[in-house]
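Asker: As listed in Swiss-Prot for this protein:
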{"type": "SIGNAL", "residues": "1-28", "note": "signal peptide"}
{"type": "DISULFID", "residues": "Cys35-Cys96", "note": "disulfide bond"}
{"type": "DISULFID", "residues": "Cys45-Cys70", "note": "disulfide bond"}
{"type": "DISULFID", "residues": "Cys53-Cys86", "note": "disulfide bond"}
{"type": "DISULFID", "residues": "Cys68-Cys88", "note": "disulfide bond"}
Amino acid sequence: MGMWCTTLFMVSCVSICLILSHVQEVEAGAPPQDCWNLVTFPAKCGIHGKKKCFKEMESKYQQRFLQCTCKNLKPEPKSPKDEHDCTCQRANPYECNS
């Protein structure tokens with residue numbers, strides 16, 4: 001009887017430890033997804049479009065970006081202005097909503 005109680009106690013302790021460690025992992029959650037911003041700016045991309053987008057986006061958001069792409073937009077018939085889209089990945093995905 002004494003050995004059975006000791007074994008049951010040990011199994012209970014191990015089970016509780018495993019359950020608690022799993023709960024802590026679930027509460028921590030998965031890391032956030034990459035955060036991308038797309039903004040349209042006036043003028044064309046030019047030769048150094050990526051650098052231009054880095055500067056424009058960092059100026060607009062006051063944050064650091066990891067990578068950017070620049071894409072010239074086709075002018076609409078009503079608007080003769082040249083425009084480009086900057087798509088950039090934020091360095092800190094936790095600041096995605098700001």
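Cβ coordinates come from backbone N, Cα and C, glycine included.
Locate each feature and note its surroundings.
Answerer: Packing around Cys96 (disulfide bond) is summarised by its Cβ count: 13 other Cβ atoms lie within 10 angstroms of its Cβ, all protein chains included.
In sequence order, Lys52, Cys53, Cys70, Lys71, Asn72, His84 make up the list of same-chain residues 6 or more apart from Cys45 (disulfide bond) whose Cβ falls under 8 Å from its Cβ.
When other Cβ atoms within 10 Å of the Cβ of Cys53 (disulfide bond) are tallied across all protein chains shown, the result is 24. Under the DSSP three-state reduction, Cys53 (disulfide bond) is assigned to helix.
All chains included, 26 other C-beta atoms sit within 10 angstroms of the C-beta of Cys88 (disulfide bond).
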Asker: Nearest to Cys96 (disulfide bond) by Cα distance: which of the disulfide-bonded residues Cys68, Cys86, Cys88 is it?
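Answerer: Comparing Cα positions, the candidate nearest Cys96 (disulfide bond) turns out to be Cys88.
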Asker: Please identify, among the disulfide-bonded residues Cys68, Cys86, Cys88, the one with the smallest Cα-Cα distance to Cys35 (disulfide bond).
Answerer: Cys88
Asker: How many Å lie between the Cα of Cys68 (disulfide bond) and the Cα of Cys86 (disulfide bond)?
Answerer: 7
Asker: Between the disulfide-bonded residues Cys35, Cys68, Cys70, Cys86, whose Cβ has more other Cβ atoms within 10 Å than any of the rest?
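Answerer: Result of the Cβ crowding comparison: Cys86.
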